[in-house]
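Below you'll find the structure, written out as structure tokens, and then a few comments.
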Amino acid sequence: MAADKPGIATTVEGTERASRLGLARSRLREAEALLAEEPAEALNLATEVLENAAALGEPELQIQARLVLAQAQGRLGRMKEALDHAGIALAEAPEKRLQLESSRLLAFLQRERGDLVQAASHLEQAAGLARELELPQVEADLLNQQAGLHHMQAQYPEALDKLRAALGLMRQLGNRAAEANYLNNLGTLHTELGDYPEALQNFFAAYQLYQEEGHSPRNRATNLASIGNLYGEMGEYAQAQEYYDRALGIARAGEERSLEVHLLHLKGELARAQDKLEEAQALYTEVLSLAQERGLERLIASGMLGLAQIQTTRGHLQEALLNHTKVLELARAKGWRHAELEALLGLAHNHLALEHLRLAQAQAEEALELAHRFDRKKNLCEAHHLLAQIHRAEGRLEPALAHLEAHYRLERELFNREGERKRRLLASQLELERARNEAEQYRLRTEVETRAREEAQAKVRQRTEELEYAQLEIVARLALAAEYRDDVTGEHTYRVGRNAALIAQEMGWPQEQIEVLRSAARLHDVGKIGIPDSILLKRDRLTLEEFEQMKAHTVIGARILSGGRSRLLRMAEEIARSHHEHYDGNGYPFGLVGSDIPLSGRIVAAADVLDALTHERPYKRAWSVAEALAEIRRLSGRHFDPQVVEACMRAFGEGELDIEAKMQRLDADLSMTMQIEKAQLGWIEEDVEGLRRGFEQILADRTRELEAARREAQMLARRMELMAHTDVLTGLGNRRAFENDLETEVARAHRIGYPLSVLALDMDYLKVLNDSEGHERGDALLRTFAQVTQEHFFALGRLYRIGGDEYAAILPYIDPTGHPEVRARLEAALAQVRALGFPAASVSAGLAAIPMEATSGGELVRLSDQRMYADKLARRNPPQR
């Protein structure tokens, strides 16, 4: 900065406007924070912001205020007002990101109100905007929400299509957390469709992903509960109980309180399905108690409804009536339509049993209307049967007969649907049993592999952290050495790090990256250690020649920090080189423009100038924080990135009344931190010159030592990763390797447009050999077959051992016309295996190809498996002549 104070080019009116605008934005952030707990207060604040934004002529801020108002009104149950604000926001939104936010909010509000058609329309609009803005993460979330809407309307094919599209996007992005969630949702849909093998496959695929690092206990427990629900639907209650118990253990260990209560309710439902009424009543009572204690209103309703159903079964009608009434009141207050329907049917049953026929009729007719609206066939059937009984009890035989006919018609429809479901279930029992066995093998193998991989990764992290800490300590000493030459206190570097971190936080950086920036920013002027004191400490204006020499500190600093492999040193090098670049291209050393300047450098540029302006230097007085912020805003778009400037204004409270006191508190806190850190470093101010001389050798020696240890740990991690994808017996890739490679190959085949085949193989001879000659002989057959077959298939693709006696091969560029060659190579391999001492060796085989016979990897595997089993059956039962 120049030695003389530049004029502040803002009018009184401009300063007042900036102050009001900053205050309005601050109030809007406060309103957003209050939405969950105090929506009424959020409503008041957002209304105030909307009025101020209109007075200031800020349309974008008006839209943001309306979106907060809509959310607050929605939480307060004022749906009409909420929809009005969201609709105006959508109509007036000046740019597509705000249109996207408005459409998403409208869809949410309309779904809550029960207007599913309008909700679907706005979700479709939002998804289109997300695609246009190239926001695949947002698009996938919207597709998932669309799938949820289709699910609510029993539109299963559409729900499956949307979920598969969302799943594909997440796989492209490598977002394994969302991939697991969407697989779990697919499993839920297939469960409801009665497609249990497909459901189980999706649930277990999600289960494998949930075992990886970073997944919450809630996600893992929800997945296990979904598998339990599947087994419950199939009538396999012992398996359902096992998965519910495992999910409950994870939920309790992770202190997932609401999920714990939900799982207890599922266990209660399972006990009631088995007529274990005592156990069910105890569980429902526990659910009700915990839900009341924790304020979980939906689960309060679930607990009371379960108790009411038990009481109805046992003939305790007055108690059942009381609980059903409480559930109905709560469901109506909260808009829970399905709970309302169940409560109405329960009340109708209770009143009929008590011969309160008019009340029973009114509630049954209301339940019938709700069941029609939501297309709940089982509830419709029950409501018609209740009304038939009520009319018959009152002697009205004609309407009784009409309701009875409707009941039987629906019952037949449900029976036929259930029959089809059972037929499909029986037809797929073999596949389901195989999936269950594979899943258990997967679980056991994954536990071992995960432990080994975690140990190796922990070593890599430890070595990396040691390297980063050592490098940080050395460069921190160097930064202090450089700073003490032209800063009385040596606190400037710390303050720049602090300022940069606060700005990055406002820009939405992850906390871990913010902490790296905080440390890296302190090294922005480390290159000054190479600038002569005659220039660095000069009080007068620098000559052009001296200024050129001073500018070299950016390149010197980058060179000192270059070659580092840690995130810290890479970012520090980037900052040292670029923090004097200007947004309009008039900075140095390279004259970079706009986004060509690294974002870390753009942030530190503002953080550095803010500190330089607000603290005294030999050639200038300290400016007030308000003056400094005004100057930074004046230079927005020229010296500074406008987005960084806005974040800086928010971080340091532009327009707030206590702005100076806030900065003083920040500086006081930082001064204490700095003194502690200097004490830990053993800092002695007289050490500066010696440190300069020894720095490069110390850093090089320490870096070499730790890099060697880090490489050793990385090699160990790579070995463990290879082991996790390799079958120990045969040396082939295992099931995990097969699934990973198949996913990659299918994606590539679709992208480039070549055919791809999968060969499924199952050894026919292994069990006989194990029983007659022992498992060592069986293992020898597996190894021999693997080695020989891989040699024969080397030119076509790769062979994997995916189970005990199962193999598979991925064969790129092979379509059905190439399948005869595949079978010929397989027969040649078998002939060689027989010649090597296994004369009875034989395999069953199945081939399938995309895009001619399947469209996805899952379909490809299923079709090749089906053909392999058909081949096996044909071998066991040859056609009679």
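Quick reminder: no glycine exception, Cβ is built from N, Cα and C everywhere.
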Coiled coil per TrEMBL - which of 180-228, 425-473: 425-473
Annotated stretch (coiled coil, per TrEMBL) among the listed ranges 151-178, 263-290, 347-374, 599-626: 263-290
Secondary structure tally of the repeat 'TPR' (180-213) (DSSP, helix then strand then coil): 28 helix, 0 strand, 6 coil
Arithmetic mean of per-residue pLDDT over the domain 'GGDEF' (754-881): 86
